[in-house]
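Residues annotated as domain 'Cation/H+ exchanger transmembrane' in TrEMBL: 71-436. Positions annotated as transmembrane segment by TrEMBL: 67-95, 115-134, 146-168, 174-193, 205-224, 244-265, 330-350, 356-374, 386-404, 416-435.
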Amino acid sequence: MRRVKKNDTQMANGTRPFQLQDVFSLENEESEDMATLIDKKDNVFVMSNKKSKYPILQVDLRLISDLVVAIVSAAIGGIIFSCLGQPVIVGYLLAGSIIGPGGLNFISEMVQVETFAQFGVVFLLFALGLEFSLTKLRVVGPVAVLGGMLQIVIFMCLCGIIAALCGAKLSEGVFVGSFLSISSTAVVVKFLTERNSSISLHGQVTIGTLIFQDCAIGLLFALLPVLGGNSVVQGMISMGKLLLVLFVYLTAASFMSWSFVPRFLKLMIQLSSQTNELYQLAAVAFCLLSAWCSDKLGLSLELGSFVAGVMISTTDFAQHTLEQVEPIRNLFTALFLSSIGMLIHVHFLWNHVDILLASLILVIVVKTTIAATVTKTFGYSIRTSFHVGVLLAQIGEFAFVLLSRASNLHLIEGKMYLLLLGTTALSLVTTPLLFKLIPNIMNLGILLQWFPSESSTPNKRFPSENGKSLND
C-alpha cells in the first residue's frame, strides 16, 4: 500500500486552475489523501474508502464515476455512428479511445472497469450458445475444429520461417503466428447478430471457428512458458492436463444438459408465473456459475459461458432465456467494447500510422487468404470461403491478454510489442468498416468473374430436423 499525495503545484490557498479531468477524476474533493494498492502484476487499485472498524456500507464513488463516463460515452458514440449509418461498434471503440489513458484520460480505475466489462464477453457468448444449433454444429464441426487448428498451425509455421530467415528468434516468430491466428469473437458475433447472419452457413462456420479459437487460447497460454525458455516436457505436461480437464468438463456439461438443466428451468418457469424476475436471475446465475467453474478448472470464462448457453439451447426454454438476457448482454457488450477502446492510444496510432496501416493491410490479406483457402479445402464454395476469410481477417481482443503474458515472460520486447499492440488496436477499429464493404466486394467479385453467381453455384446446406435442407 502506498499513498499518493495531492498535486504539489497547488497554491497555498488550496486552489488550482480548472481542468476538465477534475469533473471525472473526483480529485477536487476535500478528502485528505488518495490511497492506492499495487499488486504483483503492477495493477493499480484506487482505495476510495478507508477501512472502518464498524460494518458500514462502502461505496466506491470513483468506480461509479468511471462506469458512468464509460456507459454515457459509449451511448453517445453509438448514437452518432448509428445516425451516420455506420456500425455502432466503431462508436463504442472510438468512445473508449477518447476517454481512455491515450485520450482525455477520464478513467481513474482502469483495472476495475476492465474487470467489470468482462461480463460483456461472458453474456455475449452465453447468448451465442443459446442461438447455436447442435444440428448445424455437426455440419460445420470439421471445418471449425480441424480447419481452425490448421489455421493456427499454418500461422505458427509461416511466422516461424520468416523469423528464422530474418535472423530473429524462432520462439518469437512462433508466438507472433499464434497471436495473429486469433480473431475477435465479440466484434464478429456482434456484427453477425446485427445482420441476422448468425444462422447462415458462413455465419455458422465463422462462429464455430471462433469458438474453437477461444478454446485454443488456453492451450496457447500453456505454450507460452515453453516458448519463453521453460522446459519443453513441462509445457507438454501442462497442455496434456488442460486437454484432460476440457474433456471432463464437456462430459459433465453433456450429462447435465439432459439430466438437470431441463428440470431446473421448468421449475424456474413455474416459480416465475407472475414475473420473469426469478427466471432471469436464475439464468444469469447459471451462466456465471458455469463460467466460474470453467475458469477455476484452468479453461476460460468464455468457454464456460458458451457451454452454459449450449446446455440451455438443447431444451425448449432457449428462446425465452435469450429474451431475458438480451438487455443485459447489450449493456455489458457496449461496456466491454468501450473498455477495449481504452487500450487504444490515439497519439501512438497517429505518429506511426504509415507502418501500422501497412501492417494492417498485410494482416487482412494474409488472414483472409489462409482462412478462405482452408475453408475451401473442406468443400465449401468460393463465395462462402471468401466470406468466412473476411470475417476472420482481424486480430482478436484477447490477443491483448496473450501479448501481455508474452511480455511478462520476456518473449517479445520493445518495438515488436508496440507494433503488435498498435496493429491489433487499429484492426479492431477498422473491422466493422471492412465488414460493411463485404457486399460490395462480393458484387465486384461476381462482376470480375472471381466468384460464380449465387444462383449458379451449389453449396453445402444445413440439414434440418425433418431431413430437408436450409439454404445459406
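Every residue, even glycine, has its Cβ placed from backbone N, Cα and C.
Within the chain carrying the transmembrane segment (205-224), a Cβ under 8 angstroms from the stretch's Cβ atoms is held by residues 125, 128, 132, 137, 140-141, 143-145, 147-149, 151-152, 175, 178, 181-183, 185, 188-189, 192, 198, 235, 238-239, 242-243, 246, 298-300, 302-303, 306, 371, 375, 380, 384, 388, 391-392, 396, 398, 402, 405-406, 409, 411, all 6 or more beyond its ends.
Using the rule of three or more Cβ pairs under 8 Å, pairs at least 6 apart in sequence, the transmembrane segment (67-95) is in contact with the transmembrane segment (330-350). Sequence-remote contacts of a segment are chain residues at least 6 beyond its ends whose Cβ falls under 8 Å from one of its Cβ atoms, and for the transmembrane segment (386-404) they are 151, 178-180, 182-188, 191-192, 202, 205-206, 209-210, 213-214, 217, 220-221, 224, 302, 340, 343, 363-364, 367-373, 375, 380, 412, 417, 420-421, 423-424, 427-428, 431, 434-435, 438, 441-442, 445, 451.
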